[in-house]
Amino acid sequence: MATTQESPRPKSTLSPFTLVHAILLMLGSGGNLLLRVYFIHGGDRLWLSSLLQVAAWPLLLIPLSFSTKKFNLSLSVYSVFAFIGILWALDCYLYALASAYLPLSTSSLLISSQLAFTSVFAFLLVRQRFTPFSFNAVVLLTIGPVVLSLGEGSDRPEGESKGKYILGFLMAVAAAALIGFIFAFMEFSMRRGKVVQTYAAAMEMQLAIGISSTVFCLVGMVINNDFKVIPREAREFGLGKTKYYLVLIGDAVFWQLANIGLVGLISGASSLFVAIVTALQLPFLEILAVIFLHEKFSASKGISLALSIWGFVSYLYGEKKQSDKAKKAAQQELVTVA
């Protein structure tokens, strides 16, 4: 596979490249919130809500137009990421189904179980190495959703059937498993294609994913007659017709920020790191859900949230120690050479 001609940057979880994309991923949390707002106030189109998670890829054309080097990737790399886009669209559908039946705080905690799946797939596909700290983080961030499941049903939305709640619960776990595979497979594909870490390359990979996933979701919408229903759904939306379209547009923009962040972090660091940062969204989503959606904050959610934060702090501490150790070794090598 062809590669970019620019010099590769060393992968580091503390580099400006990863920091920028981590911030974009965190800002993308607004997409989760607005998607739940859509369902709470009368929206029920699953393929439409799946499309919102991928359809804002044309925004990438703006920064790409300023890139000095176009087409940073080979055709084979574009093809692989187009295939990943189809998997991404399927995952969006599973997440939309979970969001339709579960409170935001619950679905978010369940989705965080993707860290366990990512860890397994990263080990199998890219031979991800684990330190005691990263292993501890994976364990803690995996236990969180398990604790939440023990209180299953206690936060079931009023009027929601137990069957739909359980279906949403299972779909959230399925979405976590699929996205865990996607993260690891993306890192594997980048390594095989020797994709150089640049902002333009990261956006072009997201562009390939966005186009193929959008087409896939559009086909689903056509089959499901979503386009015929949207005008009626807008008129009947609980917040009004204007806000209906504002919610859709805002949701698409926030999700695109998250998507750019995800691809950039996998390119700049690793699939395990992007899974860790995704788990960091939990505190923000929990707070947003309580403030804006007035969801209950049960004891099981509190324990699960505490375990998630503990796990993330453990991972960052381990990364800091590894970074300090590497710097010390480099300095000693320079002294020896001198």
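Here the Cβ of each residue, glycine as well, is placed from N, Cα and C on the backbone.
Now, the feature entries from TrEMBL:
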{"type": "TRANSMEM", "residues": "19-40", "note": "transmembrane segment"}
{"type": "TRANSMEM", "residues": "46-66", "note": "transmembrane segment"}
{"type": "TRANSMEM", "residues": "78-102", "note": "transmembrane segment"}
{"type": "TRANSMEM", "residues": "108-126", "note": "transmembrane segment"}
{"type": "TRANSMEM", "residues": "133-153", "note": "transmembrane segment"}
{"type": "TRANSMEM", "residues": "165-186", "note": "transmembrane segment"}
{"type": "TRANSMEM", "residues": "207-224", "note": "transmembrane segment"}
{"type": "TRANSMEM", "residues": "244-265", "note": "transmembrane segment"}
{"type": "TRANSMEM", "residues": "272-293", "note": "transmembrane segment"}
{"type": "TRANSMEM", "residues": "299-318", "note": "transmembrane segment"}
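Most Cβ pairs under 8 A with the transmembrane segment (78-102) among the ranges 19-40, 165-186, 244-265, 299-318 are made by 165-186. Distant neighbours of the transmembrane segment (272-293): 13, 18, 22, 25-26, 29, 32-33, 36-37, 40, 103-105, 108-109, 111-112, 114-115, 118-119, 122, 128, 134, 137, 141, 144, 180, 183, 261-262, 265-266, 301, 305, 308-309, 311-312, 315; these residues of the same chain sit at least 6 beyond its ends, with a Cβ under 8 Å from one of its Cβ atoms. The stretch from 46-66, 108-126, 165-186, 207-224 with the most CB pairs below 8 A to the transmembrane segment (244-265) is 46-66. Within the chain carrying the transmembrane segment (207-224), a Cβ under 8 angstroms from the stretch's Cβ atoms is held by residues 45-48, 50-51, 54-57, 60-61, 64, 73, 78, 81-86, 88-90, 92-93, 256, 259, 263, all 6 or more beyond its ends.
Between the transmembrane segment (46-66) and the transmembrane segment (19-40), three or more CB pairs separated by 6 or more residues in sequence fall under 8 Å, so the two stretches touch.
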